[in-house]
């Protein structure tokens with residue numbers, strides 16, 4: 001049996017741009033792509049923490065060290081600069097491999113510089129926690 005598993009995640013990156021007239025994709029700083037083991041043209045899911053939108057596109061490499069996270073094409077209508085997003089990629093693997101699998105999780109600061117790569121802790125609070133207003 002195959003399972004679809006989280007392969008990698010860039011957690012709470014800040015959107016630096018939204019280019020409606022580019023042909024599609026998400027431009028990601030090459031340093032972050034390498035840290036998260038995401039390659040050019042790999043499918044990625046984008047989850048906008050700020051507004052709740054979710055969509056799938058593909059990654060293209062941005063300038064190394066630039067901190068760029070730019071949503072391109074039609075999906076640019078789903079985000080705004082300064083939104084916080086989670087960028088995730090998935091992989092299918094056999095059950096035995098999936099049991100031992102550990103995804104690459106990359107945590108960034110507000111300038112999209114990598115802070116650390118570590119395991120995710122269930123229920124963990126972050127310094128950037130959103131406080132819901134009624």
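Glycine residues also receive a Cβ, built from the backbone N, Cα and C atoms like all the rest.
The annotation active site, schiff-base intermediate with substrate is assigned in Swiss-Prot to 25 on the grounds of sequence analysis. The pyruvic acid (Ser) annotation in Swiss-Prot covers 25. Here Swiss-Prot flags 57, 73, 74, 75 as substrate binding site. Taken from Swiss-Prot, the feature active site, proton donor applies to 58.
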Pairwise Cα distance maximum in Å, substrate-binding residues per record: 57, 73, 74, 75: 10
Between residue 58 (active site, proton donor) and residue 25 (active site, schiff-base intermediate with substrate), the C-alpha gap once rounded to whole angstrom: 5
Helix, strand or coil at residue 75 (substrate binding site) [DSSP, three-state]: helix
Residues satisfying Cβ distance under 8 Å from residue 75 (substrate binding site), sequence separation of at least 6: 24, 26, 46, 55, 57
Cβ atoms near the residue listed as 'active site, schiff-base intermediate with substrate' (within 10 Å, other residues, all chains): 19
Residues flanking the substrate site, with Cβ no more than 8 Å from the Cβ centroid of 57, 73, 74, 75 and excluding those residues themselves: 24, 25, 55, 71, 72, 76, 78
Residues satisfying Cβ distance under 8 Å from residue 73 (substrate binding site), sequence separation of at least 6: 19, 20, 22, 23, 24, 25, 57
Which same-chain residues, if any, lie at least 6 apart from residue 74 (substrate binding site) yet have Cβ under 8 Å of it: 20, 24
Local Cβ density at residue 58 (active site, proton donor) - other Cβ atoms counted within 10 Å: 15
